[in-house]
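Colleague: What follows is a single structure, and I will ask about it in a moment.
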Amino acid sequence: MTNRKEIIGDAEKIVIKIGTTSISREDGSLNNEFMDTIASQVSELHRAGKQIILVSSGSIGIGIEILDLGCRPKEIPVRQAAAAVGQGVLMQHWTEAFQKYGLNVAQILLTYDSFTNRLTYLNLRNSISTLLSYGVIPIINENDPICVHEIEATLGDNDKLSAMVASKMEADLLILFTDIDGLYDKNPKRHDDAVLLRTVEEITPTIESYGGNPTSMKGVGGMRTKIDAAKICNISGCYMVIANSNVDDGIRRILDGEELGTLFLTNQFVHKNRIRWIILARSSGSIVVDTGAKEALAKRMSLLPSGVLGVAGTFDRGDIVKLECDGVVFGKGITDYTSEELKAIKGKQTNEIADILGYKNYDHVVQKDNIGLFK
């Protein structure tokens, strides 16, 4: 049996994600008692010297209730309007909850693009670090009113976003609170014989198959995005726990080592921060390479045009692209040539680049220090 106390008991920097179904009652109203309980537990950790970052869903669900929409809106502008209406109310309640314990909070609204531009990401990291140094509790949510891809895929879901925050802030632990007890081998709402997994050592295809689909009207009830979040944590050296928010004193009990929910162990190999940024950032396209090029990249060599078979998508110099071989994406990198330039020089030798393009910026397509390979 895994000794959780030894693994996560000493976590110093902790990201806690509160799901929509945890923060809302059945009638759609905010669960103020739950929010107060979270604030109380966080204040205890704060007094113990731990740094806490809160990621809170719920703005769209609140907006749905305030606007009396009745059911989940299909139109993206309506969802975004609901988020805009609900976000202020959400922060007001969090502010009041933490003020009872003498703590200040700060609102931070993010999109996944916040992590793609490295300068923006570094500024974000510095801002959050400064807030933590002043004893402020950062409360992060997705900036739904300006998001299209994220909001279309999930309704107010912050699982992957919270994992990105944990990764970028080099957190020790991510806790995902939801409305079920953890990861099961099948849907417990449909199968009485479903077995709860207490520990996941490795995210295998079998583990991935346990991911479900969105089932909740105001949030996401499935496990697919939570497993995706665990993948991000795995390569970032961050442990992750999925737990039921209805459990009394859940945060304290998790840190005390109780077998609550599902614990995802982390990879012992952790990428450097810059490489982690490359791997986790959104890609603009793909470069398809041959087997020889893939083997060369595994030996820490740069990608040359001779190893390029083709490109997919449209991208510019400096964009992050996927690296693909035999139909499998095995890494990401920062390209030094555009997609149009690569179409012209793919499969060519470096001494042919200038003759083909009329100029040559680099001998390589992707420089070795700008490549992050999946493990």
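Glycine is treated like the rest: Cβ placed from N, Cα and C.
Not my notes, these are from Swiss-Prot:
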- K17, T178, D179: ATP binding site (BINDING)
- S57, D144, N158: substrate binding site (BINDING)
- 284-360: domain 'PUA' (DOMAIN)
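Explain the structural surroundings of these features, please.
Modeller: K17 (ATP binding site) falls within a strand when secondary structure is assigned with DSSP.
Take the CB of S57 (substrate binding site) and look out to 10 A: across all protein chains shown you find 31 other CB atoms.
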Colleague: Just to be sure I understand the packing, how many Cβ atoms besides its own are within 10 Å of the Cβ of K17 (ATP binding site)?
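Modeller: Taking every protein chain into account, the count is 28.
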Colleague: Note the mean pLDDT of the domain 'PUA' (284-360), expressed as a whole number.
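Modeller: On average, pLDDT over the domain 'PUA' (284-360) sits at 95.
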Colleague: Taking just the CA atoms, what is the gap between T178 (ATP binding site) and S57 (substrate binding site) in Å?
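Modeller: Computed Cα spacing between T178 (ATP binding site) and S57 (substrate binding site) is 11 Å.
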Colleague: Helix, strand or coil for N158 (substrate binding site)? Use DSSP.
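Modeller: DSSP assigns N158 (substrate binding site) to coil.
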Colleague: Taking the Cβ of N158 (substrate binding site) as the centre, how many other Cβ atoms fall within a 10 Å radius?
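Modeller: Around the Cβ of N158 (substrate binding site), 28 other Cβ atoms lie within 10 Å.
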Colleague: Let me make sure I understand the structure: which of the binding-site residues listed (T178, D179) has the fewest other Cβ atoms within 10 A of its Cβ?
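Modeller: Across T178, D179, these binding-site residues, the one with fewest Cβ atoms within 10 Å is D179.
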Colleague: Would you measure the largest Cα separation among K17, T178, D179 for the ATP site and round it to whole Å?
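Modeller: The widest Cα-Cα gap among those binding residues is 12 Å.
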